């Protein structure tokens, strides 16, 4: 394993001392450009007296700013492996509940008063929940005694409660011809998931980079698992009902909660944690700071914020459309389409993490491609429209619209991090807010163009 990637900005080198022991040196470059050289002993030989080495030994330190610091890390290969497994499930948890609600739309289209429009109701509730949660985050941020760890545990417990409520009461409409339980719990799931995601990003950033990669991988698999369980459910002829579906999701969330507690409070988790203070961002165990939002910051980042609004607006046209894209009008096909959509965004985000910083200047090109796919899917859903194109383009369009959204939004965040260091926290938070308004705009456009009334006389996919 290449230890040079355990902490960003570091390099590992080997040297031997007079006793023939090989030391591994970790050189840390601070944001001011100065350097600090440390000796890292990882599974190292005994010293001259036969005692095992452990921990850090400081050899030399060049002077650097008082707002920059590095605390020693003590970890082994076993710590890394256990940590990656834990953080896979930690990253899994914030996304699985919203993904499960979307995946279960395939079942609900034939079991709710809204029919196919239930996808629009759920997506709208998600977006509104996301927006409200951004401002609700001010409350825990005003509580200095509440750490990120305790907040994340509380959010996981809230997600478990939502799972049990939707499992038991999903079919209660209170004689109103509206699935209020599903809509209200979708709103809460969106809010809980959004706060959990934002808090988790801050928390995971205080660990080694392998933990960040593991949590991102878990986020991607959350969509796969939710879609897979929806496919196995066979919505057209159900093998099991939402009660069992959401109990399975609850078990996965519980696994994530246990993994988080191991990663956050165990000795292994402590060994993998780092504490870094940079010019505009402190990563520690205190409550995440609510960033200052001002007009100057908005003006400075106007272009990336515009891109974020555009990408999210186009991407959120798709989830409500999926129930209308099934050629044979079967819920099973809807389950496959949602699975493709849920896979696309995290895969795009992972690709962007690897190469996205090279493509920011051409982001408008991929944005146009994403818009083309979205318009194609939108037009193909309009009643009595026949484009004469093969149906597999619907599958391709669904996947790539989500993939490009994940790729572009991650590229925007990477660009903000590298080019707007003076406004990093504020501009990143603005990007989240603008993105959610873009998502809401996309849902509204879809609802105006593809309303339930358009399908009163029958449903036509519009593709050959």
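Every residue gets a Cβ built from N, Cα and C, even glycine.
Values in this document were obtained by computation on a predicted structure and should not be read as measured data.
When TrEMBL is compared with the stretches 51-70, 151-170, the one noted as transmembrane segment is 151-170. Of the given residue ranges 22-41, 182-201, TrEMBL assigns the label transmembrane segment to 182-201. Within the chain, the transmembrane segment (80-97) has long-range Cβ neighbours (under 8 A, six or more residues past its boundaries) at 1, 6, 155-156, 159, 162-163, 189, 192-193, 196-197, 200, 204, 207-208, 210-219, 221-223, 225-226, 249, 252-253, 255-260, 262-263, 268-269, 272, 346. Long-range contacts of the transmembrane segment (213-232) within the same chain, counting only residues at least 6 positions beyond its ends with a Cβ under 8 Å from a Cβ of the stretch, are 83-96, 99-100, 102-104, 106-107, 200, 204, 239, 245, 248-249, 252, 256, 332, 335-336, 338-340, 342-343, 345-347, 349-350, 353. For the transmembrane segment (244-265), the residues of the chain that approach it from at least six positions outside its boundaries are 82-83, 85-90, 92-93, 96-97, 100, 104, 107, 149, 152-153, 156-157, 159-160, 163-164, 166-167, 170, 203, 207, 211, 218, 225-226, 229-230, 233, 272, judged by C-beta separation under 8 angstroms.
Through the fold, the transmembrane segment (391-415) approaches residues 304, 307-308, 311-312, 314-315, 317-318, 322, 325, 327, 336-337, 340-353, 356-357, 359-360, 363, 366-367, 369-370, 373-374, 376-377, 380, 428, 431, 435, 461, 463-464 of its own chain, all at least 6 residues removed from its boundaries and within a Cβ separation under 8 Å. Two recorded stretches are said to be in contact when at least 3 C-beta pairs lie under 8 angstroms, sequence spacing 6 or more; the transmembrane segment (117-139) and the transmembrane segment (427-450) meet this definition. Among the stretches 302-322, 334-356, 363-385, the one making the largest number of Cβ pairs under 8 Å with the transmembrane segment (427-450) is 302-322. Note: the stretches the transmembrane segment (302-322) and the transmembrane segment (334-356) are in contact (3+ CB pairs below 8 A, sequence gap of 6 or more).
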